[in-house]
Each structure stands twice: as C-alpha cells, then as structure tokens.
Amino acid sequence: FRLVEKKTGKVWAGKFFKAYSAKEKENIRQEISIMNCLHHPKLVQCVDAFEEKANIVMVLEIVSGGELFERIIDEDFELTERECIKYMKQISEGVEYIHKQGIVHLDLKPENIMCVNKTGTRIKLIDFGLARRLENAGSLKVLFGTPEFVAPEVINYEPIGYATDMWSIGVICYILVSGLSPFMGDNDNETLANVTSATWDFDDEAFDEISDDAKDFISNLLKKDIKNRLNCTQCLQHPWLXXXTKNMEAKKLSKHRMKKYMARRKWQKTGNAVRAIGRLSSMAMISGLSGRKSSTGSPTSPLNAEKLESEEDVSQAFLEAVAEEKPHVKPYFSKTIRDLEVVEGSAARFDCKIEGYPDPEVVWFKDDQSIRESRHFQIDYQEDGNCSLIISDVCGDDDAKYTCKAVNSLGEATCTAELIVETMEEGEGEGGEEEEEE
C-alpha cells in the first residue's frame, strides 16, 4: 500500500500483517527488532510501526525502481559486464553490513533486490522476514529459504553461517551474467536435488563472453563446503569487483536468456512451484524498521514526533485498509505431497500446502504411526499454509507411506505419498564424488 503522511504529504510504503496468534506476532516483532539494527544505504529503511489487536503495520521508505532483473530485461537497458560489477558490488556492500551486525539474511534472491529509481543504477536489499541473528556460530539450523537460491547446508539441515548468504550471492551472480540458472529444475524437488549435489559448470556458450575474473568470483562462492566460500569483504577485494570499470570494454551481453529465465520463473510462481520453503512471516514487497514502541511494548527506536501525527490518528488511517476477517473453511490441500525416491544417507522432503480457516492442526504419519519431531524427522508448518516433513540421513527403515493430516473445527483432509529408499551396496560411491568445481 502507498501511505501519505498527512502533515508533510510525503509518501511511504505500508506493509500490513494479520497476526492472530502469539507466534505470528512474535515473528513480526523479531523482524522489527532485526530491522532496527540495519541502517545502511543499500538496505531499505523503515520509519515506524503500529500494532492494534491482530493488525500490525510497518511504514517504510518507497523503493520505486522495480526489481533489478526486471530492469535488466527492459528494452531501454544495456546489459554489460561492467553493469553486473556495479550491481554485485552494491549487493556485497549491503550484505557485508548485515553480517557485521551479527545477522544473516537467508532469503537473498532477485525479487529482494530493488532499484531505487527507474533510471539510475543504485539498488537496495529488501525483505528481512527470514533474517536471523547468528548469536552462537555453528549452532543455528533453519528449514526455510527459496529452493533455487538456498544453500546445501539449509536443505541438509546442517549448521548455517554468514557463508549461507554467500552461496545465494553466487547464484544471483551466475544468473545475472548469463541469464541461466545453475540449479533450477522443473519442480521444487528437482531444484533441491540439484542444489544438494552442488554440480554446475560454465559450459554454456553464454559464458564465452564472460571474463575469467567473473567466473572465478562465482566459483569461489558456489562451493559446497561452507568453510571455503568467500566472505563479503573478500568479495569486495576480489579482482572482479575491485577492478576499475571506467575503462572496461562495454560489450553488450545478450538478454535473450535472461528474458526466458524471467518468463519461466513467473510461470513457475503462478503454479506455486517456486516459493519459499516455509516462510516464518508473510512478507510484502519491502521491509525494515526504525520506529517507536508498539502498543505491546516491543522495543524499537524513538519516534520523531514531527514526522507523523498521533498514533491514534495515523494507525486508524492505516488500519482501515486491512482486509476483513477470513471466512471459515474446511481444510483442503492446494498442493499435495508426491512420491519420492532418494538414496540412502541423503535427505528427503515432502511438501504440501494446506488451506482452511481456522488454521488447521497438522499431524504427519509414517504408515499408521504418528511422527514425533526429532533430529531425524523435522516438521515445518508456516502461517501461509506451506507444510513440510524433512527426513534427515534417510535409511532403509524410512521406506514407507507418509500421510499429512490437516484438521480444524469444520473437518479434516489427508494426502499420502510413498518414500522409496535406494540402499547403497558396500563400497558403492567410494571415490565417486564429483569435484565441486573446476
């Protein structure tokens, strides 16, 4: 929503949330707390926030230039490697600042890189709904992200770190210079399998016109071992980003592949094939915060009283735009789980999307036995209805039928799929690991 400040006429962006449960409110407050630490020219900023019963509003600066990749495919835009360097440098600067605050973004992707205006080359990073504080290095594990850009350690439910964001930067850079995606499959499961294998190359002719420095930059980010990736400071010191661009040859790069990539990504989004793997807060286009205490007392920055009128006046005006309460609906699956075939020792993931209101309770079953969460079985159920069962380190005993059951006061719904586990013979696979890169 576009919001107009009554006193000054200044235009802001409004991000509206419906938060019915304590967990939903806490997730949004966590985003607010994190955004309060992030004040940098390459990060979108927030000026205030309001909370009233089940409604929370964040007031943010407007970033009006559109998504970076949409800008690139515009007929009036000339894409060169020099432009790619400018954008990747800004992304690295923004993420470097985030990491220096002890925070990981965890959802870096093209949609979250916005152009400040429709003519310049300045960008800002947005959407910190999945960001987390990295308080105890090596101990944080997460089960969310966007399949095409998520790092292998997330899929395998292994400890994450600042380098988890660096993998995503590598994927973004690969696509930016070539218009090709290193890991996108025909569906989420195929994409996640591609990421887990961490196999990719520069064999396509698209890379014939890309410099060796650019390829080296990408190669040092798309490393499966989290310890071997460049950090942001090293990225900014890399010969590719540190090179003077004024005298660089402005050779045009083909945008044909990028247009095809964007068209395919839009098509997959329409079919819910490309989506976040369980978002913890439902995010709109922009995020950030630098406001005042909410009505519940969650800590934020002091409010400049001259910027906005009284909380009662402004919040009332903002909250009038919030949608009516949702009608009650019996549970149903808009996306059902599918049969999987995995190799012993790898991870398996069943994904579905559950609709219904009041929000259905969910139980997973292995054959006829209910599943309890453990290190082996992880259940991820998010407020937008996306629900996942992740099975780590799959063994032969996991070969079974799995059922997801959703129940609310109006009824119930189930969907079932089979997991087939391929057991490896002794000695199979030894010495057969593919090299991670050239």
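Using the three backbone atoms N, Cα and C, a Cβ is placed for every residue, glycine included.
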When you check Swiss-Prot, which of Cys235, Cys352, Cys387 turns out to share a disulphide bond with Cys404?
Cys352
Given Tyr97 (phosphotyrosine) and Lys15 (ATP binding site), what distance in Å do their CA atoms have, once rounded to a whole number?
24
So what sits near Tyr157 (phosphotyrosine) in its own chain, CB-to-CB under 8 Å and at least six residues off in sequence?
Lys141, Leu143, Ala347, Gln378, Ile390, Ser392
Note down the number of other Cβ atoms within 10 Å of the Cβ of Lys15 (ATP binding site), including every protein chain shown.
25
Cβ atoms near Tyr97 (phosphotyrosine) (within 10 Å, other residues, all chains):
19
